[in-house]
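Just below is one structure, and these are the notes that go with it.
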Amino acid sequence: MILLISDLHLQEERPDITRAFLDLLDGRARHAKALYILGDFFEAWIGDDAMTPFQQSICQAVRQLSDSGTAVYLMHGNRDFLIGEGFCKAAGCTLLADPSVISLGGEQVLLMHGDTLCTRDIGYMKMRRYLRNPLSLWILRHLPLATRQKLARKLRSESRAQTRMKATEIVDVTPEEVPAVMAAHGVKTLVHGHTHRPAIHKLVVNGEPARRIVLGDWDRRGWTLQVDAQGFQLEPFEFS
């Protein structure tokens, strides 16, 4: 069994989500061969050198899962792209490139966070290119802690405001981008998060049936994609 999740946006202000995640680690994830976290694991991340006690506790919990024998893979999201090898080493997880193709359920599957599929959101894509530039990343990681904290708050506030103002289709994936990316990677299944619109979409890639599986965000409930002998099962669950 393989589990895939994304968009938990873990933060101290949402202890219900934290409890649900820790319950998953102590439960189903212990029986999984691997757990994939496809971005926005944390609501914000300003550097491995600035972990709060809360973030350290999550790191330790992931480490316990890894030590129990479940492989853990972590992909950057738009909220936590400053997570580095320091955190991953401490947590016992592997940083996964976005995009990545893995063998899953007997086929090659493309994994992405999903933000790069939203090409109609021109403002966001421009900001993303700037922030992910290696020079920008180096500068961000070396800014004083107080400056990074202030910048993170500003970016989150602006992101929320802009998302509310933008049309739904702009902040969702660009329909023609999806089959193009899938064809470029030679896959018939794509799994991603980011849009907070959980669903399994049928489409055609290179004249053949294909599917796009969108993971759900953890807010009013949690979501997992379980891959086992029965196939790909996208399921919500209520917080206890």
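Positions of Cβ are set from backbone N, Cα and C atoms, glycine also.
Annotation note: ASP40 (Mn(2+) 1 binding site) sits in a coil segment as assigned by DSSP. The annotation Mn(2+) 1 binding site is assigned in Swiss-Prot to ASP7, HIS9, ASP40, HIS196 on the grounds of sequence analysis.
Swiss-Prot lists ASP40, ASN78, HIS113, HIS194 with the feature Mn(2+) 2 binding site. The local packing around ASP40 (Mn(2+) 1 binding site), expressed as other Cβ atoms within 10 Å of its Cβ over all shown chains, amounts to 28.
Taken from Swiss-Prot, the feature substrate binding site applies to ASN78, ARG79, ASP121, SER159, THR163, LYS166, HIS194. In sequence order, SER6, ASP7, GLY39, ASP40, GLY77, ASN78, HIS113, GLY114, ASP115, LEU117, CYS118 constitute the residues six or more apart from HIS194 (Mn(2+) 2 binding site) in its chain with CB-CB distances below 8 Å.
Secondary structure at SER159 (substrate binding site), as computed by DSSP, is helix. HIS9 (Mn(2+) 1 binding site) sits 21 Å from ASP121 (substrate binding site), taking the CA atoms of both as reference points.
Just so you know, the Cβ of ASP121 (substrate binding site) picks up 22 other Cβ atoms within 10 Å once every protein chain is counted. For the pair formed by HIS196 (Mn(2+) 1 binding site) and SER159 (substrate binding site), distance between Cα atoms is given as 15 Å, rounded to the nearest Å.
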